[in-house]
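The domain 'Obg' annotation in Swiss-Prot covers 2-159. What Swiss-Prot lists as GTP binding site is 166-173, 191-195, 212-215, 295-298, 324-326. Residues or ranges marked as Mg(2+) binding site by Swiss-Prot: 173, 193. Annotation comment: Swiss-Prot describes 363-447 as domain 'OCT'. Marked as region 'Disordered' by Swiss-Prot: 466-529. Here Swiss-Prot flags 466-502 as compositional bias 'Basic and acidic residues'.
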């Protein structure tokens, strides 16, 4: 079973946003509480984060599908749904995030560096958030949107200052074990090293990292052997050290021919453009500082071979060191030479001012609508396809089982200018309109949207209980009516009081009282006769 994986294909999906809630507030003595549906929670994001404790991508090799949690639905009483939890995926330092076609998305260097691999979908609005002066009690809510889904490629490129390159069994693993505390696998057969090994070297006051990669053979840049698979690990290195085998027993090999083959493979290898310097240029591997280490000089023929090829190498401009990983001969001088190159590279980076990118201002055009309409033809019939972030997002948020929600979508599209643009494109009632790409929503277009919410008994976005709310008297009107009633009562009392003072009430009462005894005695007045 593999214990080291430096390239995986990861399938990530953000969480889906929660749906908004449709609810009406219910409380004692408040018959018209209004909408109180809460918003849905946002879906969780999938984030890649550099973790110094992670050294391989093995976990994602066994479990390549990762999904963040979904957002919770909204609830009544203005309660919003729970946001989905963010899924943090730890990756080693030096991980490069790419698309399947090779486009670099991020280069994760530095502890804690993060990259959002898949964003979660936003939650839908509840009917409380959708209410307005014209739409006081919406009977619908918006749906949550699915999170982003993508397939990304993770490639691990080791962070090292110096890279050891050479043929298999040249002694690279023995050299890194002798110069650092690393303990790679060492054996007397080719391709013992199957994974990159890192070691930390201290030379004076300079501390740097060296990388041992699997051996290179002729044709490694074309994929032969293991070199092409692991050459990416030397792309970040500031310098290279050619480890040449002076004790080889193969008749067709010698240090000079090995160096020529390795240099040719390095020249053919195309360095990733994401490792461009501060000036925007990529330094090829064969143009970087290089040292030559003639290894195995402790063998009987190794010393003679090193002395034989050294003048030729020095004449080519190489700094040559005769070393032995077994007896540690020449390792101190080689270590200080590496430290000198590393220090110079670090000083050059520190002295170079950071490149400041001027902000690019792209003001929105005055006539920019945020969408476009493309006219197509299907089955000899015209088809109009509406494309744009807003229309596509609005369609995903619409509950097409709710006529009021469809009417709300029609209002938004009309306000955006889609209907006017369809008229300009020559659309006629009954033509097919598709919002989105191949998987878009298909409509039979009607300019007045008679197939939608206009057929409702009440206006779009209203509650029938609020239909007569505009006819109810206001508090001021009620006060005026009460004052009018008080004035009318006062006027009636004043009129009665005036009649009483005028004696009208006294004469009529005295007359009725005088007539009552005569009726009781059986006598009548002259008028009655």
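From the backbone N, Cα and C atoms, a Cβ is placed for every residue, glycine too.
Recorded residues residue 296 (GTP binding site) and residue 173 (Mg(2+) binding site) have their alpha carbons 13 Å apart, per Cα-Cα distance. When the binding-site residues 169, 173 are compared by the number of other CB atoms within 10 angstroms of each CB, 169 has the fewest. Of all the binding-site residues listed (172, 296), 296 has the fewest other CB atoms within 10 A of its CB. Following the DSSP three-state reduction, the secondary structure of residue 324 (GTP binding site) is strand.
Taking only the Cα positions, the spacing between residue 166 (GTP binding site) and residue 173 (Mg(2+) binding site) is 11 angstrom.
With helix defined as DSSP H, G or I and strand as E or B, the domain 'OCT' (363-447) counts 30 helix, 22 strand, 33 coil.
Reported as a whole number, the C-alpha separation between residue 214 (GTP binding site) and residue 173 (Mg(2+) binding site) equals 9 Å. Across the structure, residue 324 (GTP binding site) and residue 173 (Mg(2+) binding site) place their CA atoms 12 angstrom apart. DSSP assigns residue 166 (GTP binding site) to coil in the three-state reduction, outside any helix or strand.
When pLDDT is averaged over the domain 'OCT' (363-447), the result is 83. Counting every protein chain shown, the Cβ of residue 166 (GTP binding site) has 25 other Cβ atoms within 10 Å. The helix, strand and coil residue counts that DSSP assigns across the compositional bias 'Basic and acidic residues' (466-502) are 31 helix, 0 strand, 6 coil.
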